[in-house]
Amino acid sequence: MRSHILGTGAYVPKQVLTNVDLEGLVETSDSWIVERTGIRERRKAAPGEACSDLGIQAAQLALQAAHLQADDLDLIVLATCTGDSPLPSTASLIQYRLGATSAAALDISAACCGFVYALSVADAYIRSGVYRHVLVIGSEVMSSITDWTDRNTCVLFGDGAGAAVLGPTEEDRGLLSVHLHADGRLSDLICVPGGGSTYPVSESMLAERLQYVKMRGNETFKIAVKTMEDAVREALDAQNMKVSDVDFLLPHQANIRILKAVAQRLGLSMEQVILNLDRFGNTSAASIPLALDEAVRAGQIRPGCLIVLAAFGAGLTWASGVIRW
Ligand code: ACO
């Protein structure tokens with residue numbers, strides 16, 4: 001038995017923040033951002049619009065597409081690094097507001113790899129027969145941890161959510177395998193230093209702006225290219241497949257230059273890389289399910305397609321997966 005995706009959904013906040021808008025906040029330019037990242041605009045949550053609000057909208061659409069009701073769900077797994085609050089889990093809030101009365105709920109913290117990590121949890125429960133229907137969500141309000149005075153990071157991130165409902169299948173399709181990695185030695189490459197038990201919220205912590213994301217972008221860039229390439233090759237090797245078997249690479253949407261380098265190293269054309277970072281930026285755990293939902297609804301991903309997921313992010317974490325749609 002395998003797990004497969006029964007339906008997808010996505011939601012982005014209404015407010016569009018363009019590169020020109022950012023020119024008014026920090027010393028940057030539309031041309032620098034487009035050339036160095038490929039991002040043209042991103043979405044920003046309204047004041048008070050939280051991770052659960054975005055996640056619920058995506059989840060409802062995924063349930064509709066799967067032709068299931070909330071009370072059919074056995075488990076909700078939410079991938080996020082920008083939950084509504086430290087306690088309780090944001091997945092619990094979504095469980096209640098969706099009316100998923102039979103479902104257990106948990107959050108996963110694996111930054112931009114969160115959705116692939118969450119898929120692996122859903123897959124393990126479904127394959128083992130413990131649970132039948134699992135809702136996996138990636139939802140982020142990255143604007144809540146963005147330092148709007150730091151041009152190195154504020155141009156990169158966006159808010160959004162994507163979701164998928166998984167169920168069992170005995171057909172020759174679905175999630176063929178998932179591969180997860182982590183290397184905590186590199187935990188300081190991308191981090192939010194404050195707000196946890198090391199530096200609890202305090203006046204001095206806030207004055208040092210430790211509540212915001214810090215990133216050593218240049219070092220991250222080089223590691224991202226290598227780990228994503230390795231993760232794709234590992235996933236294909238596990239299935240005895242070659243790059244020529246792949247219809248689409250669905251990567252974490254971080255930077256167009258990273259994705260071009262990965263595609264080139266693998267020998268994939270850019271037409272085979274599913275992209276939406278020009279419109280949404282880096283939405284961390286939401287980026288893969290957001291792009292997946294768009295590609296499914298546009299008819300780009302069709303039954304029988306072979307899709308390889310690839311992600312990297314804070315931790316460091318990196319991950320891949322192979323799906324026969
Ligand atoms: N506008 C104008 N200039 C800028 C900006 C900006 N927004 N940001 C940085 N610069 C300047 C720098 O200050 C630097 O100037 P200097 O040479 O005078 O010091 C110059 O541009 C070059 O800076 P680099 O950091 O070397 O620029 P680079 O080409 O590496 O691009 C970027 C930076 C876009 C951040 C890139 O390194 C990148 O995408 N890295 C990967 C980030 C990533 O993918 N993170 C994913 C994980 S996120 C997560 O897990 C939540």
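Quick reminder: no glycine exception, Cβ is built from N, Cα and C everywhere.
TrEMBL does not curate its annotations; it predicts them automatically.
The feature region 'ACP-binding', as given by TrEMBL for the ranges 18-22, 53-57, 253-257, sits at 253-257. Residues 36-39, 112, 156, 221, 224, 275-278, 280-283, 287-288, 290-291, 312 of the same chain lie 6 or more positions beyond the ends of the region 'ACP-binding' (253-257) yet place their CB under 8 Å from a CB of it. Spacing of Asn282 (active site) relative to His252 (active site) is 8 Å (Cα to Cα, whole number). Contacts of Cys112 (active site) defined by a Cβ separation under 8 A and a same-chain sequence distance of 6+ are given as His252, Ala254, Asn282, Ser284, Ala285, Ser287, Ala311, Phe312, Gly313, Ala314, Thr317, in order along the sequence. Secondary structure by DSSP for the domain 'Beta-ketoacyl-[acyl-carrier-protein] synthase III C-terminal' (236-325): 38 helix, 22 strand, 30 coil.
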